[in-house]
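Pulled from TrEMBL:
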- ASP139: active site, charge relay system (ACT_SITE)
- HIS192: active site, charge relay system (ACT_SITE)
- SER506: active site, charge relay system (ACT_SITE)
- 584-593: compositional bias 'Polar residues' (COMPBIAS)
- 900-909: compositional bias 'Low complexity' (COMPBIAS)
- 130-560: domain 'Peptidase S8/S53' (DOMAIN)
- 361-435: domain 'PA' (DOMAIN)
- 584-609: region 'Disordered' (REGION)
- 890-909: region 'Disordered' (REGION)
Amino acid sequence: MPTQQSTIATRKPGFAAIQPGAYFVEFYGEPASPECDYEHEQFYKEASASGISMYTRNTFKRLFNGVSINLPDKRHLERLESLSAVKRTWPMQMRSRSAAIPSTNVSPNLMFAHEHTGVSKVHSELGLGGKGIKVGVIDTGVDYMHPDLGGCWKTPGCPFQYGYDFVGDGYDSASTPHPVPDPDPRDTCDGHGTHVTGIIAAHGSRFSGVAPNVTLGVYRIFGCPGNGAGQSADDVILKAMEAAHADRMDVINMSFGGGSGWSEDPLSVAASRLVQDGIVMVASAGNDGSNGLYTSGSPGLGAGVINVASFENWMITSLSIDIVGTGANYSIVHSASGNNKIRFIFGTSTGVVAPTDSTGSVNGCAPYNEGYSGQVLLVSRGNCTFVDKAAYAQNAGAVGVMVYNNEPDLMSPTSVSPNVTIPLVVIKLDDGQSILNQLKLGTVTLTATNRTVSTSNPSGGQISRFSSWGPDPELHQSPAIGAPGGNIFSTFPLDLGGYASLSGTSMASPYVAGMAALILQARSKDVSVDEVRRLLLESAHPKTDTNSTALMSPLRQGSGLADIWDSVSLMSTIDPPQLSLNYTEGNGDSATSGLDDPHEQSHRRVSSQTVRSLTLYNHSPSSSMTCTMTNLAAISVSSLMANGSFAVVPRSWPEANSSTPVAADTQPRAIIEGPALPIRVAPGSAQVITVRITAPSGLSTDDKWLFGGYLRFNLLWDDQEGTSQSLHVPYTGFLGDYTKLDVLSVPEEGLPFVSLKGSSDALDENAHVVIDSEHKLAVHYRLEHPTRVLKMRLVDDRNTTVGYLPNGYIEYLGRNYQSARGRYSNSTINGTLYEDTDLTKPFEAQPGNYRVRIDALRPLRDPSDPEGYQIWHSPRFVIDSVSVSRMAANSADDDDDLGGDVVRNGDTA
C-alpha cells in the first residue's frame, strides 16, 4: 500500500492497515477474458481525457482485472469511479505475515508432530514425499543455501526451480514503500519463509518436512525486519500470486493474513480464483485467538481456500539452561531470545540473582538501587514490557535476564530495541520458583550452551491459545482444519543460527500444504482441488476442549486435527465437507448479503430445524458400502456474557468444568431422513442423503449462541477385509436472528461518545465548543461485530445530514479487538466535512447545533435498506466557531481541471 504521496498508514477496526492515496481499481470484465485488454486501454484513455492524475503501480489481468494506483489528489476518485470500465475501487490494504511466535530453540521436535498426524506412516509405509508436485511459498523468501533445503538454486535436481523477489531487503509497505524487485528471493535476515519452507520440504539429517521431495517456488513479498511494521501491500502480494499461477504451482501456501476479515476482500477473491483454476490454496487462520470470535483473517476466507488453525506440538525442545545451586544441579527449558540476534549463551558459570527494583517489586519495571555487574537477573513477568525489563537490568550491569512466566507454559517475549544489547528469555513458572527456592539456600549459577533438552508439552495435541476463531462475518465456517503449529522445529537462515522452533498458524498452514502435496502424489494428480479439500477435512479428527469432555466448536478447530494417513486411505468422501446453517429466526426476506455470495452456501434463513442434502461417494470399484450417522454435539459459544456484556474469551455451553448435567435440548441434534438405515451405496456410485439438524431449543436466543457439531458418518465395506472408516462433517449455525445483531458496543461499555480531542470525558448535552487548529473533537466508538458499512455524519436538530466526518464512510470492517491499540476506534471532527461517501468533496462546517450520527450495517443486511442499520446519536453540542486554516483532502474547488498526467509504472503515458 505504498504511495508516492504518504507513508503514514491508517487503520480500520480489526487492524486492517490502509495506505492513504493507494487503491485497487477493479474493471467489469472477468480476469483472463478477451475484454481485459480493451478495458485497460479504455480506462487510460478516459482517465487522461478526464484530467485524472495518477500513478499506476501494477497491472493485473490473470486473477484480477484491473490496476493498482496511487492517486495524489483524492478529489479525482469520484471521477475515476465514473469511468466506463470501472466496477469499483478498493483502498489498498497492508498485510503482516501471521507473526511467528518464537517459542523454543533447537532440536528435531517436528518429528514428534509427524507421529501424531500420520506423516511418519505415509513416509515409511507408502513412500510418499511429494515427488512431482510443485508447491509455491509466498512469504519472506527462503535461505535456499541451507543444507537441509538443498543448498542450491535452480540447478538440475535442485528443489528450488521457481521464484522471484518482488520487494527487496529494504521494503516495508508503510515506511519504505517502494519495492526493489530482483530475481533472487534469498532470505538471510528474517527467517519466517525459511521456517515455513522447512516444514513443507526439509530433507536433512535432523528432521524431515511433511513433503520432502516436492519442487518449490519461492515468491518473496516481505523485506527484512527493522524497516518498519513488517508489512506488504496487497498489490505486491497479488503480483506474487499471479506469478505462482503462471508457474503452474499445484499448491500455494500463504502464511500471512489480516486485512478486513471478509471473503469479499480482493486477496480472498484472488485466492478463490486460484482454487477455481485448479490450485490448492492453503493459508494461516491467524494468531488473534485471544481476541475471541470473528478473528480469522483474509486471504484465508476465500471460497475453497483451506485456512488452518494451530494445535500444540507434543514436545517442547529447547536449548537448555543448566542450573547449579546448593546440592542441586538440573536443566530447564527456555523460550527463544526476545531478540534472535542476541542469543542467551553463557559458556562459563554465571551468577543468578533475583533482586527487587527501586519500588520493591520483583517485576523489574523500575531502576535498581544496586549494581549487578556480570550477573543474570531473574524477574517475574508482568507490569511492563520485556524491553523495559531488559533495559533496567542492563543499566544495572546485568548480562542477561530470565523472566519466569505467570502461567505454567512458556511464552514468547519480544525485547528488540536499539538500546537493549543483553539477551532476555522466558522460563516456566515452576522453574522460576525452583530457582527462587535455591537462592534462599545460597548462591545459584547457570551455564547456557548449545545443549538441548526436551520435555513433554502439557498442552500437546490441544488447540493453541493464539489460534484465531471464526466464523467470518457472513457466518461461513472458519477455520477449515487444524494442524501442528505450536512449538515447531524447522530450518532458519544460516546467518541466524540455522534452526529455530516457532509457533503460529504460520507453521500450521505449511504443514497442511505439505499434506496436500502428498495427496496429489498419491492420486497421481488425478484428483480435483475440491476432492483434495474433502479428503483433508473429512479425515480430520475433532478434538475435545481443554477444560471439558465436550468437543470444541468447529469455529475453533475446523474439522479437527489433520491426519494424512487417513486422508490418503479414504475410500469415501461427502460433498459438501462443511455445513454453514446461518440463523434460526427472523424474516428471511429482509436478510441478504447484498453481494454475489462467493461461497456455495447462500445466506438463507433457517428455522430451528433445517434439512440439508449431502452426496455420499463410494470410491471402491468393487465393494458396496453401508453408512450410518452419529451426531456429535460440540460446545456452543457466544461473544456475550450472561449479563449481556462483551466476552473477550467466548462464553461456552456446556460450561467448562461444570458438574451440572447437560439437558438434551441445550445441544443440537441431527438425524438422517428418508430410507431405512443403514444406507447402502454400490461400488463406484454416489447417493444423496438428507440430514435434518435441530438447533438447541433449550438455549436462549438472547445470548446469541453459535452452536455446532459434527456429523460422523460410519462406513463399512463388504470387502474381504471388512474395511471400516469414519468421516466427519462439521456444521455451525447462529441461534436467533443474526440480522438483528448489534454491531456497536453495549452502552455499559461507555461507547460511543464524543469528547474534546485528547480527552476521555464525554461532552455534556449542549456543550459549547470551538473548532480550530488547536481545538478539535473526537468520536470514539467500538465495533463488537464486523460490519459491511459504517457511516459517521454530523446531523442537525432535524436529523438531516450536514456532512460526513473524516473517515466517515468505511466498508468491510472487522471488529475491534481488546488490546490497548485496538479496543476502540475514532474519527476527528476538525471542521472539514464531506458531501460524498468517497470523501472527495470537502467543505467547511458552519457554527450551529449538531449531533454525531453513527450508522452501522447489521449482519447480512442490504446496505440500501435504511432499516438495516443500527443507529446511534450523540448528545447535542454547539459549535460556536470554525477556523480551518488548511482543509484536509485538498480544499480547492473540485471542479478545477488540474490536468494531471496518467502515469503507467513510472512512464508518462
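Using N, Cα and C of the backbone, Cβ positions are placed for all residues, glycine too.
When pLDDT is averaged over the domain 'PA' (361-435), the result is 91. With DSSP classes pooled into helix, strand and coil, the tally for the domain 'PA' (361-435) is 17 helix, 14 strand, 44 coil. ASP139 (active site, charge relay system) has a Cβ environment of 29 other Cβ atoms inside 10 Å. In this structure, of the active-site residues HIS192, SER506, the smallest number of CB atoms within 10 A of the CB marks HIS192. Between the CA atoms of SER506 (active site, charge relay system) and ASP139 (active site, charge relay system) there is a gap of 10 Å.
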